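Peer 1: Mind having a look at this structure? Questions to follow.
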Amino acid sequence: MQLNSTEIAELIKQRIAQFDVKSEARNEGTIVSVSDGIIRIHGLADAMQGEMIELPGNRFALALNLERDSVGAVIMGSYDGLSEGMKVKGTGRILEVPVGRGLLGRVLNTLGQPIDGKGPVENDGFSPIEVIAPGVIERKSVDQPVQTGLKAIDAMIPIGRGQRELIIGDRQVGKTAIAIDTIINQKDSGIKCVYVAIGQKASTIANVVRKLEEHGALANTIVVVASASEAAALQYLAPYAGCSMGEYFRDRGEDALIIYDDLSKQAVAYRQISLLLRRPPGREAYPGDVFYLHSRLLERAARVNAEYVEKFTNGAVKGQTGSLTALPIIETQAGDVSAFVPTNVISITDGQIFLTSQLFNSGIRPAVDPGISVSRVGGAAQTKIVKKLSGGIRTALAQYRELAAFAQFSSDLDEATRKQLDHGVKVTELMKQKQYSPMSVAQQSLVLFAAEKGYLSDVELNKIVDFEAALLSYANTQHAELMAEINAKADYNDAIVGKLTALLDDFKATQTW
């Protein structure tokens, strides 16, 4: 068989048409040095700030310092086996984490990988860990409450959906306890929770997860863990990863709550990374951008309007606002709130719950100091009945603390002062609450009403706790309809006042405490 020149030309053209060569441009570099979790790379000319760099052994580093001749990157995880001269690749991707409802009930690491042994995580996609916060026009004012279930906080330092409320205090004063109680109280509220553990002992985190599971709150919670044994880079990135997971719900017209436990350890991890990268240190050896470290994180907690949600979901969700409420925790040293990181976070947040060792050690738990604790926007979100009843409580406690200071120097006090002191002591006792026992709005309202209307005046101080327990038990069994009505509407009117008065009069007549 002979082929003429035309057929040969056609065959060659067909072969050329079928020949597929794909050119692949790779951004490669060489490791120049490895030390203390930091690598310096030569040759990654197109690297971006925050880009993931692929290392040998399916590991990644994060590009943080872009210099003229080299790139400084922090290794996310172990750096065993890495040595000078190894090749690395730029991925062209910013760090992303999985997001979605499938993450609820799971314990994850900073990169969104499961560490609870329950198999792979189902996700609805991925989200960058660094996201620009919603703008001014996209926000809505805070006017709906987040019930912590702790009467001292819900009455005196109320928290609203979309607020940033700092929990601050020394070590071992109950900061995490407040956060965990708040999560437990959300299991039936529809608010999804994210708990970010930064730089904590693995045993402490395991205990928190176990308590959430025991109280049925884990199914509504995502736990993100960067324990004390993990690399500084993972501790630094964990809050941003958790925030992206919480934003998934906010941007779809739902409510979410995120707890950062704690941001002091994140700041220390960031300081360690910055010093190793040879960035110039500032006050307390922190880098110059440590304020921005926390401000860009906490500004992402917001209440967004219906237009923002509709635009984000491409019209799938209409007429619904979304919120992400943040409860950052800061640990102080010997009560020093004027240190660098505490003052930064106080100025960023919308108020603070200040816990003191003195109150904690004297048995007042939660150890909230009402004198310097404040909620700047939560008052607008407080339920009507609790707002009406709590005004007198805060005043009574403030007057009591003022009078108690003077009473130490004077033995003969007039009757009015004695009554105020007696009332203040009893209200302080009434504000105590056991851990893992959150109270409903109706239960809080009943207890506050009893204090406000003088029903504690003839109750001995050592009987206050028993009085409260017996009162709540009586109300739940004999007046269940009234309690359900208050929980549903939370109104304060003459009819409710009449019913509460009748309930307390009937209870006082039983003398069952």
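Heads up, the Cβ atoms here are built off N, Cα and C, so glycines get one too.
Straight out of Swiss-Prot:
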type	residues	note
BINDING	Gly169, Asp170, Arg171, Gln172, Val173, Gly174, Lys175, Thr176	ATP binding site
SITE	Ser373	site 'Required for activity'
Peer 1: Rank the binding-site residues Arg171, Lys175 by the number of other Cβ atoms within 10 Å of each Cβ and report the first-ranked residue.
Peer 2: Lys175
Peer 1: What whole-number Å value do you get for the CA-CA distance of Lys175 (ATP binding site) and Ser373 (site 'Required for activity')?
Peer 2: 13
Peer 1: At the Cα level, what's the spacing in Å between Val173 (ATP binding site) and Ser373 (site 'Required for activity'), rounded?
Peer 2: 15
Peer 1: Would you pick out, from the binding-site residues Gly169, Gly174, the residue whose Cβ has the largest number of other Cβ atoms within 10 Å?
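Peer 2: Its Cβ has the most other Cβ atoms within 10 Å: Gly169.
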Peer 1: For Gln172 (ATP binding site), what residues in its own chain, 6 or more apart in sequence, show a Cβ-Cβ distance under 8 Å?
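Peer 2: Within the chain, Gln172 (ATP binding site) has Cβ neighbours under 8 Å at Ser357, Phe360.
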Peer 1: Cβ-Cβ under 8 Å from Ser373 (site 'Required for activity'), same chain, 6 or more residues apart: which ones?
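Peer 2: In sequence order, the residues whose Cβ lies under 8 Å from that of Ser373 (site 'Required for activity') (at least 6 apart) are Met156, Ile157, Gly351, Gln352, Ile353, Phe354.
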Peer 1: Using the Cβ centroid of Gly169, Asp170, Arg171, Gln172, Val173, Gly174, Lys175, Thr176 as the reference point for the ATP site, which residues of the same chain not in that list have Cβ within 8 Å?
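Peer 2: For the ATP site, the extra neighbours are Glu331, Leu355, Ser357, Phe360, Ala367.
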Peer 1: Under 8 Å Cβ to Cβ from Asp170 (ATP binding site), same chain, six or more residues apart: give me those in sequence order, or none if nothing qualifies.
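Peer 2: The list for Asp170 (ATP binding site) reads Glu331, Thr332, Gln333, Ala334, Gly335, Leu355, Thr356, Ser357, given in order along the sequence.
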Peer 1: Using other CB atoms within 10 angstroms as the count, which residue among the binding-site residues Val173, Thr176 scores least?
Peer 2: Thr176
